[in-house]
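In TrEMBL this protein carries:
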- 1-30: signal peptide (SIGNAL)
- 322-341: transmembrane segment (TRANSMEM)
- 385-412: transmembrane segment (TRANSMEM)
- 418-443: transmembrane segment (TRANSMEM)
- 455-478: transmembrane segment (TRANSMEM)
- 484-508: transmembrane segment (TRANSMEM)
- 542-568: transmembrane segment (TRANSMEM)
- 574-602: transmembrane segment (TRANSMEM)
- 614-633: transmembrane segment (TRANSMEM)
- 653-675: transmembrane segment (TRANSMEM)
- 710-740: region 'Disordered' (REGION)
Amino acid sequence: MAGILGGCQALRRLLTVVVLVGLAWHDCTAFSLLGEAPVNFCSVETRAKYESNASESAIENHCQSLVQLYVNRLNTVKTVIPYAYESFDFCKGEALEADPMVENIGQVLLGDRITTSPYIFTFNQTQECVTVCEKTYNPDVDNHMQELDFLQQAIRLSYQNHWIVDNLPVTWCFNVHEEGSDDQRYCSAQLPIGCYIDKQGINEDFCFSYASSAEKDTYYFFNYINITITYNQLYEDSSIGRIVSIQMQPDSINHQKNGGNCQINPSQNNPDSFRMAIPAELKEPMSIRYTYSVEFVLNEDLRWQSRWEYVLGSMGKPHNKIFYLSTINSLVIAGFLLLIVGRILHHNVYPGEESVKKAGSERARDFRWKLLHGDIFRPPRGCMLLSALLGSGTQIVLVAFITLVLASVGLLSPARRGALMTCIIMLFVCLGLPAGYISTRMYKAFGGEKWKTNLLLTGLLVPSIIVAIVLILNVLLWTWQSSAAIPTSTLLTLLALWFGIQLPLVYIGGFIDFIRKPIEFPVPTNLTQRRIPRQPCNKHPVLTAVFSGGLPFSCIFIQLFFILSSIWMHQFFYGFGFTLCTAAVMVVVCSLITILFCFLHLQSENYHWWWRSFLSSGFTAVYVLIYCVYYFVSKLTIQGTASTVLYFGYTSIMVLLFFLFTGTIGLFSCFWFLLKIYSSLDPSQLELNSDVEDEKDMPQETMNVGVVKEEEKEEDIANEAASNQEDGGNPPPIIEVGKDNADTVQQDVSVVGGKSEGELTPQI
């Protein structure tokens, strides 16, 4: 009953923590844009008025009359290879400002290449069918055909634009029809460049609005965009506004056939013939005219501070319910494990005195873990490698939770492009100090002497694996001239951060621990190892790893789906608060399941728990890998060998980091548990701990060891008696057991081979 009450109290504390976290970040779809200053826009007349009354610097700080549209990389869900805007034969623009948008290291690693576009608007001025530029393609010119072929391939692979206005993504909103429910408005920050109708006349991707009269085996290019910019006015000055949303509707229009108009009359005969169609094989010269229309709409309901809600609104509302269910699922699993572990600890580790007296020798088998006190903290094989992995794992755990906390409070919102990746890189570099400290701490506890080599392994092992994978993938991206290829300058910067900051911090952390005393274990380690009896089949390391890795994965697989979707389907991820709660519950579940299986192995007299606890808990990463393979097969439509190699290359890095994360949590939780239970033992009981079993309950291997030891002791007694007779010595005194000395004799009875020479009640 006490174990159940203890489990309930622990579950109540866990629920309290989760509720507090949920209250702190209850609105996961809103972001606090800390440090982002709003930009004021005004009409040309208002700017001219301020220009006559103020200096040029004051005018620019007060308002701007021109609205610049920026372009980013183009990507698709069918490949993992993004391309820069300049790679396509689109209309090129000139920079409106000297340094429009500075890219950080996170944006470079993610492949972002933000540049200015030729689309420049005047605030609060409606424009209709404005021509930007015109591109001509001649089939007799090789350069023209190469550019057109590249554009056709991009349309066939559904490449999409990413446009930005006032640090806000331009969205394309459309209705999504679902059977049994009303149409829902869905907004996407990915803008298609065209659509393709194959030879069978099947409309793929973005040609769903075209009629069946559209031509087969034809590419329809979206050369016209209709932009709607929504703004709200400032209360102090009605002539100045701030942009709160930008929406666009793309269309394909052949301006030459349509008489230069930007609207196709649906009442015309065969309206699809007026679209900008590009045949699969171009036989005569053709021209593509790029046009746009822009309209400014006043909206006082949507405030600038919450302008990101319209981007996340259509995606966030249904997903919040899933996030809540995922959190409840994780809490149920954690509570179930808490009750099981609490019950086992109450029954086997901290029993009451009355239960021990009542059970007697029948419960002796439940305390086999006490037999291992002389071997439980024996250093494992490969202790240097294990110490290095634990140091890197601690580094990854700290990086994960600090990043989630910062993202949950809005410091790493989608408005800060590349901030998430930049934060992860810088935290990993700066947290080399705790990695070196933990690695040296464990290596000294294992009795290692080559602490400098251990620190070098800690600072180089995991980063070297990641850098090697990144370099291989980077060569592949360079071959395809992708914007995701990391420039040489950025690679040199990363190497400088690694060898100039992270590696020295690892050594500093190791030196800090080197001057401290090593970890003192609660029980000493014997000089000779104890023989481990034959283990049952149900406690095989592989089976243990399969079961212990499944429960933590069941807590995170829902969150994992949204994380993978945000990475490979280029969606905004906003559920950082839910992810933080799920990660905390996963840590609890991972710790509990590792403690449970660790104790069950101790009951089988198996003290090899160091690597087993690390690998069993880290086996959760294998489930993550299996799920990533399933996601690749069932959810993605990635084409090409290069994209497949890139997908599994990046996935391998994620799985490696997750393996170190869960493995470190499992080993340290098991280590803490063993320190607690063995520190509770009375030192006076350690000499009698082999009395806890009857001979019939002992494994055959342990019985054989006892018989051998008993025969050896009888032989030693006979030899000692013979030497005493040869030396003429006095025989050993005969002690008569009486009432006065019965207790003394009982305390002096020796224990041989796990069975006592006398009837002793085990003191447990």
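Even glycines carry a Cβ here, placed using N, Cα and C.
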The transmembrane segment (455-478) and the transmembrane segment (574-602): do they have three or more Cβ pairs under 8 Å, with pairs 6 or more apart in sequence?
-> no
Contacting positions for the transmembrane segment (614-633) when only residues 6+ beyond its ends and CB under 8 Å are counted | 386, 389-390, 541, 544-546, 548-550, 552-553, 557, 560-561, 564, 568, 590, 593-594, 597, 644, 647-648, 651, 654-656, 658-660, 662-667
Near the transmembrane segment (418-443), which same-chain residues lie under 8 Å Cβ to Cβ, leaving out any that are not at least 6 residues past its ends?
-> 103-110, 112, 383-384, 386-388, 390-392, 394-396, 398-399, 402-403, 406-407, 411-412, 451, 454-455, 458-459, 494, 497-498, 501-514, 518-519
Which of 322-341, 484-508, 542-568, 653-675 has the most Cβ pairs closer than 8 Å to the transmembrane segment (385-412)?
-> 653-675
With pairs restricted to those 6 or more apart in sequence, evaluate whether the transmembrane segment (653-675) and the transmembrane segment (455-478) have 3+ C-beta pairs under 8 Å.
-> yes
List, by number or range, the same-chain residues at least 6 past the transmembrane segment (542-568) whose CB is under 8 A from its CB atoms?
-> 77, 80, 319, 322-323, 325-326, 329-330, 333-334, 337, 575, 578-579, 582-583, 585-586, 589-590, 593-594, 597, 601, 612, 615-624, 627-628, 631, 635-636, 638, 647, 662, 666
